[in-house]
Amino acid sequence: MQSTANYLWHTDDLLGQGATASVYKARNKKSGELVAVKVFNTTSYLRPREVQVREFEVLRKLNHQNIVKLFAVEETGGSRQKVLVMEYCSSGSLLSVLESPENAFGLPEDEFLVVLRCVVAGMNHLRENGIVHRDIKPGNIMRLVGEEGQSIYKLTDFGAARELDDDEKFVSVYGTEEYLHPDMYERAVLRKPQQKAFGVTVDLWSIGVTLYHAATGSLPFIPFGGPRRNKEIMYRITTEKPAGAIAGAQRRENGPLEWSYTLPITCQLSLGLQSQLVPILANILEVEQAKCWGFDQFFAETSDILQRVVVHVFSLSQAVLHHIYIHAHNTIAIFQEAVHKQTSVAPRHQEYLFEGHLCVLEPSVSAQHIAHTTASSPLTLFSTAIPKGLAFRDPALDVPKFVPKVDLQADYNTAKGVLGAGYQALRLARALLDGQELMFRGLHWVMEVLQATCRRTLEVARTSLLYLSSSLGTERFSSVAGTPEIQELKAAAELRSRLRTLAEVLSRCSQNITETQESLSSLNRELVKSRDQVHEDRSIQQIQCCLDKMNFIYKQFKKSRMRPGLGYNEEQIHKLDKVNFSHLAKRLLQVFQEECVQKYQASLVTHGKRMRVVHETRNHLRLVGCSVAACNTEAQGVQESLSKLLEELSHQLLQDRAKGAQASPPPIAPYPSPTRKDLLLHMQELCEGMKLLASDLLDNNRIIERLNRVPAPPDV
């Protein structure tokens with residue numbers, strides 16, 4: 001045990017160790033509160049006095065939630081070594097998070113954004129206080145879990161930090177070589193003499209490498225054999241990097257340098273976030289200081305990302321989930337353009353559903369009016385795009401092979417790589433199942449909308465047909481129309497014949513809609529059956545079971561690698577563990593390929609066929625709806641003409657009757673008196689009936705107009 005006046009710790013509770021100090025987990029003697037103590041060794045006292053006290057002075061100036069707090073500076077009892085008492089971060093460092101096999105291909109998007117927010121806030125506080133850190137790397141970013149379960153990242157280890165204004169330079173070299181600015185790397189690692197001075201932007205390069213590492217799980221610049229074994233090529237990669245490139249690698253010995261301008265496909269970040277992040281990385285991983293961004297622009301651009309909101313959009317036709325990053329104050333038009341950029345679906349062709357309901361977005365309205373979405377509850381984009389599906393790299397391509405002999409360190413590294421690929425397979429399997437669920441749900445919603453359209457259009461058609469049938473079936477009209485001597489009645493008979501034709505068209509439309517309803521119901525039953533099969537899928541559980549067993553063996557390898565060697569029996573167990581581990585990995589990848597990928601690809605093909613049927617059905621319903629509307633419009637016109645004709649005929653008969661009553665002696669009537677009287681009565685009743693029918697047809701037309709206001713998709 002060691003102690004100071006107020007704190008004590010056991011030397012076994014080592015948290016980290018460097019060239020000049022060791023960090024231990026300690027406790028407050030009075031309260032029992034856990035803290036971290038940094039105990040400086042004898043080597044640290046060989047440094048100049050100014051350098052020794054610099055870390056204390058820097059930490060005393062800082063007070064921010066994203067920087068590890070300094071509680072006290074004390075001394076050990078016997079040797080009187082200086083001790084920094086600091087905030088204890090119980091969840092390790094960002095490096096330990098990235099070293100976990102679950103994060104072998106980088107952090108999930110939400111966690112990466114937390115890292116970005118914390119690092120930017122912490123660096124901004126340093127800059128406000130005129131301090132350059134000079135050793136930014138994942139190992140110097142500590143993690144703490146907050147009360148609500150969220151991660152909080154804090155900058156630590158200010159042993160290399162010093163006060164420096166924007167226009168000042170320094171010449172001393174600090175830092176960890178993989179994260180060093182190329183100019184500092186040349187001097188510190190390659191030991192090449194140079195007269196260059198360094199400014200505050202050296203931290204930007206280190207931040208760029210750190211962010212790339214957090215996003216992908218690997219370093220951006222990798223020479224053949226690794227950065228520590230091939231230092232000259234490492235320097236070449238960083239200094240010869242073309243503008244816009246964010247990574248470089250040498251795949252084989254003496255091979256060419258290959259450049260990357262995008263993040264790898266294995267990265268967990270969405271394309272929406274990648275499109276915002278890549279330009280930042282390209283401009284801070286810039287060796288020429290004249291071209292490299294300054295802190296002001298870096299803070300402005302990263303703050304722009306962090307201030308954006310995410311709208312989750314599932315392109316139903318493409319079967320792809322998109323993350324659209326926009327500002328809350330942006331208009332819907334800007335949102336639609338962002339969707340267009342990722343999906344290639346033009347704004348005028350974008351239709352949205354949310355939780356089963358049509359979601360009409362007005363371009364001029366603020367994006368704040370968009371419903372809150374999540375990855376499992378996104379806006380569903382309906383368009384005529386061709387299915388693409390989730391793009392991914394087969395995890396089997398990233399599975400390393402065990403060496404035949406027993407090599408504890410090599411076996412551990414291999415197991416770690418295989419386990420990382422296994423976790424990637426698990427993530428992809430979940431994404432494939434989630435994608436199928438979103439396909440089924442979106443298709444079900446679209447078919448529900450089409451069924452509702454069928455019901456409304458059918459109601460309009462049947463109502464119009466009922467009115468027409470009622471009018472055409474009246475005996476009074478038949479008796480009146482049977483009087484051929486009156487020319488107007490011949491015209492009325494022709495109009496009546498046209499109404500009969502329209503009634504036949506409406507009848508066919510009604511039958512057509514009924515058949516469409518049956519077709520949609522059949523497709524929906526098929527969809528429910530497919531959805532149930534996906535819900536019964538147990539591939540995720542099988543993969544997880546393999547991973548749990550592999551994890552147990554991996555932990556055994558992790559313990560063994562620290563030992564100098566194994567006894568005979570232990571070595572035999574180790575060999576069996578390697579065999580079992582390989583079998584489990586093979587089984588895991590087999591389940592992924594046969595139960596996940598193949599079923600997903602088959603589902604994608606079926607989805608494409610169903611989408612074509614849905615688009616054809618929708619276009620067909622539009623045509624039927626137009627036919628019903630046209631019939632209603634024409635029937636309304638015919639009814640109005642018929643009503644006007646009968647009204648004129650009724651008026652003429654009234655005039656003839658009045659003239660006949662005044663004449664003496666009464667002339668011989670062209671028609672028998674009873675017929676004239678009945679005819680007049682029938683005309684008046686028919687006029688009223690025609691007016692009512694025309695009014696009903698007008699109401700139907702208004703209903704159809706409202707139906708047609710729903711935006712229509714482009715023609716297939």
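Cβ from N, Cα, C; glycine included.
Keep in mind the model is a prediction, meaning the values are calculated, not measured.
If you look up Swiss-Prot, you'll see Asp135 marked as active site, proton acceptor. The local packing around Asp135 (active site, proton acceptor), expressed as other Cβ atoms within 10 Å of its Cβ over all shown chains, amounts to 22.
Swiss-Prot lists Leu15, Gly16, Gln17, Gly18, Ala19, Thr20, Ala21, Ser22, Val23, Lys38 with the feature ATP binding site. Cβ-based neighbour count (10 Å, all protein chains) for Val23 (ATP binding site) stands at 21.
Residues annotated as ubiquitin cross-link in Swiss-Prot, with experimental evidence given as evidence: Lys30 (among others). Proximity of Lys30 (ubiquitin cross-link) to non-local residues of its own chain (separation of 6 or more, Cβ distance below 8 Å) is seen for Asn6, given in sequence order. The DSSP secondary structure for Lys30 (ubiquitin cross-link) is coil.
Summarising the annotation, Swiss-Prot assigns ubiquitin cross-link to Lys401 (among others). For Lys401 (ubiquitin cross-link), the Cβ neighbour count at a 10 Å cut-off comes to 9, with all displayed protein chains included.
Under the heading domain 'Protein kinase', Swiss-Prot lists 9-315.
Annotation for Thr501 (phosphothreonine): no spatial neighbours, criterion Cβ-Cβ under 8 Å with sequence separation of six or more. Annotated phosphothreonine per Swiss-Prot: Thr501, in sequence order.
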Separation of alpha carbons, Lys401 (ubiquitin cross-link) and Leu15 (ATP binding site) (Å): 32
Residue pair Ala21 (ATP binding site), Asp135 (active site, proton acceptor) - Cα distance, angstrom, rounded: 15
Sparsest-packed of the listed binding-site residues (Leu15, Ala19, Ala21) - C-beta count within 10 angstroms: Ala19
Mean of pLDDT values spanning the domain 'Protein kinase' (9-315): 86
Residues flanking the ATP site, with Cβ no more than 8 Å from the Cβ centroid of Leu15, Gly16, Gln17, Gly18, Ala19, Thr20, Ala21, Ser22, Val23, Lys38 and excluding those residues themselves: Val39
CB within-chain contacts under 8 A for Gln17 (ATP binding site), separation at least 6: Val23
Rounded inter-Cα distance in Å - Lys401 (ubiquitin cross-link), Ala19 (ATP binding site): 35
